[in-house]
């Protein structure tokens, strides 16, 4: 049995962080957490690029452009959708999630999602590191691991065909 896993060593990786400006009180903390986690795992500041878009609904379009640029080993979507009194929350959260998932399937680079979907601002801030843990950092570490396992998977030889 052969087992392939991604390491958490990010030395030499180039990472694109795509951040929604809407709910910036939360998304800026996700960005801080993601960038800090990448540095702690070995990514140099010069190998981290930050792209900002208006909101979480717009994230997938920019994320796809960044992922397709072939400049990055990994891209991370960072956003926050907070429930309000209308169905808008479900539409934005659902479509953003579908968009990120589609990009992950179509892309040659690792794609990770750090989009919070919370009932309250307080919940979002907690998940952005105010109390404990930072989902932006977790998404960045997942991107590192996925980038490394994708590299390993690319090295797996094709099966030989019987002639």
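Note: Cβ is positioned from N, Cα and C throughout, glycine not excepted.
The active site, proton donor annotation in Swiss-Prot covers 88 and is backed by sequence analysis. DSSP assigns residue 88 (active site, proton donor) to a helix. Taking the Cβ of residue 88 (active site, proton donor) as centre and 10 Å as the limit, one finds 12 other Cβ atoms among all the protein chains shown.
Counting every protein chain shown, 26 other Cβ atoms lie within 10 Å of the Cβ of residue 81 (5-amino-6-(D-ribitylamino)uracil binding site). The 5-amino-6-(D-ribitylamino)uracil binding site annotation in Swiss-Prot covers 22, 56, 57, 58, 80, 81, 82, 113.
Here Swiss-Prot flags 85, 86, 127 as (2S)-2-hydroxy-3-oxobutyl phosphate binding site, drawing on sequence analysis.
Residues 22, 56, 57, 58, 80, 81, 82, 113, recorded as binding 5-amino-6-(D-ribitylamino)uracil, reach a greatest CA to CA spacing of 16 Å. Recorded residues residue 22 (5-amino-6-(D-ribitylamino)uracil binding site) and residue 85 ((2S)-2-hydroxy-3-oxobutyl phosphate binding site) have their alpha carbons 17 Å apart, per Cα-Cα distance. Spanning the listed (2S)-2-hydroxy-3-oxobutyl phosphate site, residues 85, 86, 127 have a farthest Cα to Cα distance of 23 Å.
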